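S.K.: So TrEMBL says this about it:
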BINDING   B:25, B:39, B:69  Mg(2+) 4 binding site
BINDING   B:25, B:69, B:192  Mg(2+) 3 binding site
BINDING   B:41, B:69  Mg(2+) 2 binding site
BINDING   B:41, B:112  Mg(2+) 1 binding site
BINDING   B:48, B:235, B:282  substrate binding site
BINDING   B:111, B:112, B:138, B:194  ATP binding site
BINDING   B:195  Mg(2+) 5 binding site
DOMAIN    B:24-129  domain 'PurM-like N-terminal'
């Protein structure tokens, strides 16, 4: 099975109402009058990082990817649980994790370690507290809404390629926690851009039952000549959101298009319909 | 690093108060007047299961191991998040997971999937609601308490070896959820026996600062001639607990010894001190 087939099959199992049909980045759990936001992300050697990567960066990115999911739901982190494969440079992994935890003020709550015989896989569960209700979802973009991103895409791509100016963007991505919390009351839909802007726009449009019309000329990219690649590369962790026309946004953001009623395709790029999510971004598995 | 070294180093990172110093099976999170119990367990190919294993059994055991941790804290499950490596028999994995979820009335809340190039690693986070406060801990055994187990140890070992009568014990272990909830108000310390009775007794004694004196003649074992092995093999998922002398226990349990003030070793087996946890059970990593 590929990832899409697996998730489709998983949807037939008993689902918690807070699972949001497995269509969102996080689960939402209302308990004791509070609302928790819970996410689990994994990173696998060869798929998400290479064996010669600095394990401090791998740990940072594992944390950042999880916190980015909380950010996209407007949640502040409470803590994380770590699923750790022993055997790589564990001391460097712990150093990078420590740095990330202290940077974002997040404590470890628990976890598990395993010895693996092959490549290493790391997992993390992040638990946050929703700062605003309802918790923003991917599903909620309305025709007429503006489409926005919090920053440029393609920086991680350039960093991956060795561009000194963008190494940090690739190795130490920044989860947009403060932005997510500030934006939550103003958005109709929100998610983080982990797998590529166009693919994530397609996904938001798909679950919202609308069309996202993107104007590439105004998409903030790290490299204008390589705009098409920038819009398809992942790992930038900016926030993608829609908000009613004229909404007073509390943080700087770039307007990249407008939501329309569902047309011939979930995504229009410069008016060209993109019906198939293949080749729009990075798809794991 | 081995597992003990890694966890020792992890303890130096920022820890949540509910992490219980990483000395317990679960984290405890009090939120809005409710108390959640959260655990994360992993299973790795070659370490926890062989590549030819029925993936339905692997999924069941992953779920059972997580639910068993909740059971040991007297918590009822709310839901689970799955970290899944694609590429083995995913359909069988889902079938076994589905069966387990329906058996224990537990829904999926979310998760992640990854493509891996080597061996497969699976993770699960289980979230439960504490049925009794304070949430039982490994730390709390008091001199004079009786030491008890909810059932025999060694059944999984015989099942692993192919004994028809015990195949289910190995392939489809049963988390003692109802027993854990019933016992929670009565115990001074509780944990599940996942890595071997003697090793887990040693651990409980260690964190409680006491000595557990075990009388092997009264330990319920699946095979009396192989008693020593039965007490060292893992995967049985019975509950180990201590309770004040004369406590009216709400479920059947086997008294296997008595807690004493810390003596020359954390563990006494038939009065022989066992100071070193090596060779007492199954240690991953």
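Every residue number used here counts from 1 along the chain in the order it is shown.
For all residues, glycine too, the Cβ spot is worked out from N, Cα and C.
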S.K.: Specify the nearest of the binding-site residues B:25, B:39, B:69, B:138, B:235 to residue B:192 (Mg(2+) 3 binding site), where nearness means the distance between Cα atoms.
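M.R.: For residue B:192 (Mg(2+) 3 binding site), the spatially nearest of the binding-site residues is B:69.
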S.K.: Hey, does DSSP put residue B:192 (Mg(2+) 3 binding site) in a helix, a strand, or just coil?
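M.R.: In three-state terms, residue B:192 (Mg(2+) 3 binding site) counts as strand.
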S.K.: What subset of the binding-site residues B:39, B:69, B:111, B:112, B:195 lies within 10 angstroms of residue B:235 (substrate binding site), using C-alpha positions?
M.R.: B:195
S.K.: Counting other CB atoms within 10 A of each CB, which of the binding-site residues B:25, B:41, B:112, B:195 comes out lowest?
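M.R.: Looking at the binding-site residues B:25, B:41, B:112, B:195, the Cβ with the fewest others within 10 Å is that of B:195.
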S.K.: Name the residues of the same chain, 6+ apart in sequence, whose Cβ is under 8 Å from the Cβ of residue B:39 (Mg(2+) 4 binding site)?
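M.R.: The answer is B:25, B:26, B:27, B:66, B:69, B:70, B:125, B:126.
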S.K.: Reported in the order helix, strand, coil, what are the DSSP residue counts of the domain 'PurM-like N-terminal' (B:24-129)?
M.R.: 33 helix, 47 strand, 26 coil
S.K.: Quick one: of B:48, B:111, B:112, B:138, B:282, which binding-site residues lie within 10 angstroms of residue B:195 (Mg(2+) 5 binding site), measuring between C-alpha atoms? Sequence order, please.
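M.R.: Cα filter at 10 Å returns B:282.
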S.K.: List the Cα distance (Å, whole number) between residue B:48 (substrate binding site) and residue B:194 (ATP binding site).
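M.R.: A Cα-Cα distance of 12 Å.
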S.K.: Show which residues of the chain containing residue B:138 (ATP binding site), separated from it by at least 6 in sequence, have their CB under 8 Å from its CB.
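M.R.: Sequence-distant Cβ neighbours: B:23, B:24, B:25, B:189, B:190, B:191, B:203, B:204, B:207, B:208.
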S.K.: Using a Cβ-Cβ cut-off below 8 Å, which of the binding-site residues B:41, B:112, B:138, B:195, B:235 are near chain A?
M.R.: B:41, B:112
S.K.: Determine the minimum-neighbour residue: among B:69, B:192, B:235, listed as binding-site residues, which Cβ has the fewest other Cβ atoms within 10 angstroms?
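M.R.: Relative to the other binding-site residues in B:69, B:192, B:235, B:235 has the fewest Cβ atoms within 10 Å.
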S.K.: Please tell me which one of the binding-site residues listed here (B:111, B:112, B:194, B:282) sits closest to residue B:41 (Mg(2+) 2 binding site), measuring Cα to Cα?
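M.R.: Comparing Cα positions, the candidate nearest residue B:41 (Mg(2+) 2 binding site) turns out to be B:194.
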S.K.: Whole-number answer please: how many Å between the C-alpha atoms of residue B:111 (ATP binding site) and residue B:282 (substrate binding site)?
M.R.: 28
S.K.: Across the domain 'PurM-like N-terminal' (B:24-129), what does the mean pLDDT come to, as a whole number?
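M.R.: Its mean pLDDT is 94.
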S.K.: Where residue B:112 (Mg(2+) 1 binding site) and residue B:194 (ATP binding site) are concerned, what is their Cα separation in Å, rounded?
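M.R.: Counting only the Cα atoms, the answer is 25 Å.
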